[in-house]
Amino acid sequence: MSSAAPLVQILANVRHVVLVLSGKGGVGKSTITTGLALALRQAGNKVGILDVDLCGPSIPRMLSVGRPDVHLCDAGWVPVYTDAQKSLALMSIGFLLDDPDKAVVWRGPKKTALISQFVSDVAWEELDVLLVDTPPGTSDEHLAVLENLKKHRVDGAVLVTTPQAVSTGDVRREITFCKKTGVPILGIIENMSGFVCPHCSECSNIFSKGGGEELAKLTGSVFLGCVPLDPQLSSSMEEGKDFMELFSNSATSTAIGGISQTLLQRLQTT
Amino acid sequence: MADVPDNAPEHCPGTTSEKAGTSASCQGCPNQSLCASGATKTPDPAIAEIGEKLSSVKHKILVLSGKGGVGKSTFSAHLAHALASDSTKEVALLDIDICGPSLPRILGVEGEQVHQSGSGWSPVYVEDNLSVMSIGFLLSSPDDAVIWRGPKKNGMIKQFLRDVDWGELDYLIVDTPPGTSDEHLSIVQYLSSTHVDGAVIITTPQEVSLQDVRKEIGFCRMVKLPIIGVVENMSGFVCPKCKNTSEIFPPTTGGAEKMCQDFNLTLLGKVPLDPRIGQSCDEGKSFLSEVPDSPAADVYRTIVHSIQEYCSKRVTGDQDTC
């Protein structure tokens, strides 16, 4: 690998760095990261996503970028752009793997080594917001990401949960992780927050209700908002389609758009 | 020697790792020359000890998924409840999700303490014939985060297997975190001198899940862990008002059914979404007892039956079958 420019120089072009965390798996971190990125882009921002989930990198599929070849320039890995205007850039650790369909069965130290290199060596151009999508937990990957990103600046983290106690129970621990590692908590997002039946409009709280807001109160964090369970959001992510464009009038896109604006305001005032 | 000795530096690769003594982090460590000599890479004696300890466990089942949030812990807990509904069977659950231990809450025993005796740590009893061990019981507060690197997590898993006084068991079910990392390698490694019946793989219908689950299947094949079958969770939602079905997590690439065909695996069952499942888990109750007539409970029972049948075809050392 060619020598990369110092980290400080690379991330100097990035205005805000936001981690997307959860203690819990499957709450929609990647979906929310992608949704927020699309919303921020729609509002005219230049956005980047850094996907450090080594075992399950989902973002390439959600942005329909397939399996691109990635290249090194003098400044580091060149991110993949989803459009000609370069308004949304993506770098996924999945791009560096020889066979993206094969399991990455690595112990912590090897993951740490790759992530450390990866986080430090992406040649981002000018970005308003860089969102960092992470795997669930509080372990090697998270420590590696933080150790490397903190050399620049991490504005903070958004925490994603679903409403039920089994989720918020894990997210509480992630909040402790943030406090112990000095990562400001920008806010909590409650995903899968109710399902409105498309046939009769009855709302069912499939994964319970209210847990995200309660968690925010309990931990003194800002509650950024709720995103409902929406099969169209799931299928757009599956098919790599821009949900915010395709379903711009839906309650879900209004919710995601609102959260992205609140987040941007918090970033611009802290 | 411990996998990560107390006097090891922060990024210690582990004393049994290939890089032991030679990685950059080893510089300046008092154990560096010992590790570099290869003395620490001999097979971990704990593997044989665990083999001895678990010789009184007739059937061992791992519950895996590459993906998070698909219902591994929910399934593990309810599999255990169902197996323990036969009061002549002794069942135990081991929760190796070190960062996100959900089983204490799901089983209604959050806040319980683990006790130590001459014969080791005693697991927490949910019923007379159902016990569980989780790091959750060792944390003093629900806010405590376990911010451990791989080698320390591995050490904990080894302790759970070697030092817990499980007693004679018909079934030991191991609930795992998502991914294919330290915890998964360690559980397979530490159980390598015992007989493991196989793994139950949990997924949800959508491709974003399946793409991770295929990797988990690859992992199982790589470590020669038999796969009992696949469970598809969150498989459709029936509106309680109008009774129409919605596919909230659409099977855009054929769901678990197609994946099982492609990999020649058994699809054990498709469990529909039912808000009462999540509710029962939050309240620490068994969904199978709370709502026994629900369609989801029916599917669960069919799946458990298939697993029991699979296990009954495995003959244990003393020719005893379940």
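A Cβ is built for glycine as well, from the same backbone N, Cα and C atoms used for every other residue.
TrEMBL does not curate its annotations; it predicts them automatically.
Here is what TrEMBL says about this protein:
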BINDING   B:Cys12, B:Cys26, B:Cys29, B:Cys35  [4Fe-4S] cluster 1 binding site
BINDING   B:Gly66, B:Lys67, B:Gly68, B:Gly69, B:Val70, B:Gly71, B:Lys72, B:Ser73  ATP binding site
BINDING   B:Cys239, B:Cys242  [4Fe-4S] cluster 2 binding site
COMPBIAS  B:14-23  compositional bias 'Polar residues'
REGION    B:1-23  region 'Disordered'
Folded-back contacts onto the region 'Disordered' (B:1-23), same chain, C-beta under 8 angstroms, at least six residues removed: 29-37, 40-41, 44, 149-152, 154-155, 158
Of B:Cys26, B:Cys29, B:Lys72, chain A-adjacent binding-site residues (C-beta under 8 angstroms): none
When distances run from the Cα of B:Lys72 (ATP binding site) to each of the binding-site residues B:Cys12, B:Cys26, B:Cys29, B:Cys35, B:Cys239, the nearest one: B:Cys239
Additional residues around [4Fe-4S] cluster 1, ordered along the sequence, whose Cβ is within 8 Å of the centroid of B:Cys12, B:Cys26, B:Cys29, B:Cys35: B:Ala8, B:Pro9, B:Pro13, B:Thr15, B:Ala20, B:Gly21, B:Ser23, B:Ser25, B:Asn31, B:Gln32
Secondary-structure category, per DSSP, in which B:Cys242 ([4Fe-4S] cluster 2 binding site) falls: coil
Helix, strand and coil counts within the compositional bias 'Polar residues' (B:14-23) (DSSP): 0 helix, 0 strand, 10 coil
Which listed residue (B:Cys12, B:Cys242) has most other Cβ within 10 Å, given these are binding-site residues: B:Cys12
Long-range Cβ environment of B:Gly69 (ATP binding site), under 8 Å and at least 6 residues apart: B:Pro178
Distance from B:Cys239 ([4Fe-4S] cluster 2 binding site) back to B:Gly71 (ATP binding site), taken between C-alpha atoms, in Å: 21
